[in-house]
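What TrEMBL annotates here:
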type	residues	note
DOMAIN	28-466	domain 'Major facilitator superfamily (MFS) profile'
TRANSMEM	20-41	transmembrane segment
TRANSMEM	76-97	transmembrane segment
TRANSMEM	109-128	transmembrane segment
TRANSMEM	134-156	transmembrane segment
TRANSMEM	168-187	transmembrane segment
TRANSMEM	199-220	transmembrane segment
TRANSMEM	292-313	transmembrane segment
TRANSMEM	319-346	transmembrane segment
TRANSMEM	358-381	transmembrane segment
TRANSMEM	387-408	transmembrane segment
Amino acid sequence: VLRQSPLENPLNNPFWFRHLTSSLLAVAFLTSFGSSMLYGYNLAVVNSPAVYIKDFYNRTSVSRNGTGLDGEALTLMYSLTVSVFAIGGLLGSLMVGMLVTRFGRKGTVVNSTVLVFIAGSLMGFSRICGSPEMVIFGRFVTGIHSGISLSVVPMYLGEIAPKNLRGFLGLVPSLFICAGVFSAQILGLHEILGKEDHWPLFLSLVVIPTFIQLMLLPWFPESPRYLLIEKHNVHATIIALKWYRAKCNIQSEIEEMQEEQRSLSSVETVSVWRLILDPLCFTIEKLGRRPLIIGGFLVMGFCCAGITLSLVLQVHLPFMRYVSVGCVVGIIAGFCIGPAGVPFLITAELFKQSHRPAAYTVGGSLNWISNFTVGFVFPFLQMSAGSYCYLVFCCVCLAVAAFVFFVIPETKNKTFVEISQMFASKEAVPETQGLGHPDQLKLRKMNGYGTLENGSLEFDSSSSVP
């Protein structure tokens, strides 16, 4: 049984912030500002200049073919521009496992910045070149970058953070995702960059935060857990821990990593296909950060219902248009509370080092497939269902909140090994019945999900039965 001291909870410990070093904060803000924020920015950046982008597509068609595009063709082209970002994200998420193994966590974040500069150049010069293809391909390339960073940044922060700060640092990317959405909404105002002449610049602004990240992030060390467990470099691990930790004994943390390394000595790195086919991957889903996820999806669900109600009634009640604005803000706030970042934080906590890249690949792929579906289908759903199209999202949000409430328990402030042992103890309960006191059993061998393999229990002769 894993017992937690009240002081292990950062909310109960008034000195928890002493573990928060300037290096941890700097890495969290740099990776989130230069990578995670771009995801939120690119989600919303095409909304404000939609009319100008469609007009650019139409004028290009006239200059090339002598005829313009009809309304349905323009909607299809614009839907492709929006949803191709998700196709790129899907491709990027499928590359995560290979990239983080070869280049490391920080190395992947740094090397992937070249994609942003390529995408920014394509979108920024698209109107000068008279090429709608450059806009679409630029969106695709920046989607690849977002697909990579959306998985790698939480993985990197989850591995460099001490256990009592993992939740705090894990939520920093979600805050910057919401900041990116908000920035796109503000910069898209007509008084700023919402004019027809400025939309290529508006799309290409993503290069600025990435450039700042590229200048500063390489000076910080790689993930200590990656250096020790995968690269077996003890010296580099100690140096990295001294960067990321306050004046404290790092020996216990190194021993915890070595314990996980020993548990992985007989476990090979898992591929995406094997992770999907392994039935034990479904037992690992019984862990989560319940309040943030439940609260966030409930807020989003009720606000989606509120938007539908306000759109239906605003013809008769003019003040309902302000209610709809409030509901839009509520959806962004609910997204920021939990759904924006907590699922990626949970992925880092649930899976051991050998399974983590494949888990992020699966989770990221599902996220981007859903993103593509919404981006491509929503314009047509809005045309057919009108004001009631938001009820679809309301039902999805409430269903996810109910699933988390009834299925997923809460856990926090646990090391990766402790989380594995917790699941191992759950799997061991049926096998220990009739064998005496549970303390007589010692967990000897765990697979990648923290569950016992067959025949991996042995009696601990040093224990006594009361």
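Quick reminder: no glycine exception, Cβ is built from N, Cα and C everywhere.
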Beyond the flanks of the transmembrane segment (319-346) by 6 or more, those residues with Cβ under 8 Å of it: 36, 40, 150-151, 153-155, 158, 166-167, 170-175, 177-178, 181-182, 287-289, 291-300, 302-304, 306-307, 309-311, 313, 360, 363, 367
Beyond the flanks of the transmembrane segment (199-220) by at least 6 residues, Cβ under 8 Å: 23, 26-27, 30-31, 33-35, 37-38, 41-42, 45-46, 48-49, 52-53, 56, 106, 109-110, 113, 116-117, 119-121, 123-128, 135, 138, 142, 187-188, 193, 243
Stretch of maximal Cβ-Cβ contact with the transmembrane segment (168-187) [cut-off: under 8 Å; candidates 76-97, 134-156, 358-381]: 134-156
Range from 20-41, 134-156, 358-381 with the greatest count of C-beta pairs under 8 A to the transmembrane segment (76-97): 134-156
For the domain 'Major facilitator superfamily (MFS) profile' (28-466), the mean pLDDT of the predicted model: 77
